[in-house]
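Student: Okay, so Swiss-Prot annotates it like this:
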TOPO_DOM  79-108  topological domain 'Chloroplast intermembrane'
TOPO_DOM  130-141  topological domain 'Lumenal'
TOPO_DOM  163-219  topological domain 'Chloroplast intermembrane'
TOPO_DOM  241-284  topological domain 'Lumenal'
TOPO_DOM  305-382  topological domain 'Chloroplast intermembrane'
TOPO_DOM  404-414  topological domain 'Lumenal'
TRANSIT   1-78  transit peptide
TRANSMEM  109-129  transmembrane segment
TRANSMEM  142-162  transmembrane segment
TRANSMEM  220-240  transmembrane segment
TRANSMEM  285-304  transmembrane segment
TRANSMEM  383-403  transmembrane segment
Amino acid sequence: MESRVLTGGATAIRGGLPLLRKPAAVMKFTTAAHAISRDFPAGAVTAKPVGPLIAGPNLIWGRQLRPAILLETSPKRESIKPCSAAASSSAGSSDSSGDAKVGFFNKATLTTGFFFFMWYFLNVIFNILNKKIYNYFPYPYFVSVIHLAVGVVYCLVSWGVGLPKRAPIDSTQLKLLTPVAFCHALGHVTSNVSFAAVRVSFTHTVKALEPFFNAAASQFILGQQIPLALWLSLAPVVLGVSMASLTELSFNWLGFTSAMISNISFTYRSIYSKKAMTDMDSTNVYAYISIIALIFCLPPAIFIEGPQLLQHGFNDAIAKVGLTKFVTDLFWVGMFYHLYNQVATNTLERVAPLTHAVGNVLKRVFVIGFSIVIFGNKISTQTGIGTCIAIAGVAIYSFIKAKMEEEKRQKKAA
């Protein structure tokens with residue numbers, strides 16, 4: 001996608017300029033420079049560099065930045081687009097339009113795929129380590145605080161070194177992010193309560209309903225029309241994940257209710273985080289959400305689990321695994337939690353909330369599969385069939401969604 005340059009600044013020009021010999025021609029940068037020097041006296045035309053050639057308000061960000069030279073001839077400006085540096089010395093090394101070719105790793109599809117891969121990978125590690133901690137330290141409120149606290153420290157250090165640069169936040173953005181952070185905190189705590197109360201697979205079975213919550217919210221809250229075909233394509237996804245989870249199924253009302261509350265909370269967070277990204281990049285958005293969410297999580301952790309932790313909670317955990325392993329486990333589970341959520345937020349910035357939710361369901365298949373292997377659970381035929389159905393459902397959804405997007409582009413082009 002070519003970045004187009006729009007600038008309100010006037011290009012410097014002196015009166016009485018003759019027209020260019022070929023006003024409609026688009027030439028290479030070096031050819032343009034020779035033509036200008038040949039056809040006009042020195043100082044007759046001032047070329048104004050735009051985009052990355054100068055600093056200031058003319059810097060335009062697109063999928064790919066291309067430098068351009070604007071020449072003002074009569075009432076009309078013409079853009080002379082240069083080829084790449086290599087192309088300027090070798091004719092035929094680029095296409096006739098002079099557009100710089102997009103590198104393989106700059107393709108949007110590949111980049112989005114990489115985000116999804118890292119999201120899945122980090123989430124699998126987090127879920128396995130998190131469940132191992134709950135096996136000897138069943139205090140989900142405190143562990144939830146540790147998850148967020150490690151992430152907040154990570155954000156503060158990143159801001160300190162300028163990676164990324166901290167975006168200032170005003171009162172309007174704070175008001176927008178506060179309810180999002182509250183739902184993030186509520187969804188996070190209730191998810192951990194469910195993970196501590198039941199097996200990993202059961203929690204993910206209930207949370208597989210998230211796409212339906214997202215679809216309903218997108219249609220009835222945001223006013224987006226979700227076609228029937230997309231609704232139907234979500235059915236095999238949820239059914240498949242549910243089937244894959246049944247081999248570890250151990251019903252528990254606390255775990256079930258907590259997972260349902262988590263679904264509703266994360267649905268609100270996903271949709272309104274998308275709105276918050278209009279004025280701030282996703283990395284800074286998630287950093288501020290983590291800080292505010294930590295404040296919300298502290299009171300319940302102190303009042304609900306504080307007395308138990310001081311009496312025997314910490315001592316029991318240290319007696320079972322040792323102080324070093326206990327502290328190390330808490331640190332790494334917090335780090336993986338923050339990283340996988342950061343990547344998930346970056347992924348949400350690139351796709352629609354419903355697509356993000358379906359990807360989240362497929363992620364659960366990976367989590368269930370790895371948890372079966374790590375914790376020594378037997379894999380049944382039903383688990384394998386359910387996994388295949390879920391993957392097939394995601395493929396059907398992706399095909400229908402891509403076809404709909406292509407039809408929209410064709411209508412706009414017409």
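Each Cβ is built from the backbone N, Cα and C atoms, and glycine gets one as well.
Help me understand the surroundings of these features in the structure.
Tutor: Mean pLDDT, taken over the topological domain 'Lumenal' (130-141), works out to 94 on the 0 to 100 scale.
Counting same-chain residues at least six beyond the ends of the topological domain 'Lumenal' (404-414), those with a Cβ under 8 angstroms from any Cβ of the stretch are 227, 230.
Using a Cβ-Cβ cut-off under 8 Å and counting only residues 6 or more beyond its ends in the same chain, the transmembrane segment (109-129) has close neighbours at 195, 200, 329, 332-333, 336-337, 339-340, 343-344, 346-347, 350-351, 359, 362-363, 366-367, 370-371, 374.
Panel annotation: around the transmembrane segment (285-304), residues 141-142, 144-145, 148-149, 151-152, 155, 158-159, 166, 169, 173-174, 177-178, 180-182, 184-186, 188-189, 273, 276-277, 338, 341-342, 345 of the same chain, lying at least six beyond its termini, place a Cβ under 8 Å from a Cβ of the stretch.
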Student: Helix, strand, coil: count each for the residues of the topological domain 'Chloroplast intermembrane' (163-219), based on DSSP.
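Tutor: Tallying H, G and I as helix, E and B as strand, the rest coil: 45 helix, 0 strand, 12 coil.
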Student: In the topological domain 'Chloroplast intermembrane' (305-382), how many residues does DSSP call helix, how many strand, and how many coil?
Tutor: 69 helix, 0 strand, 9 coil
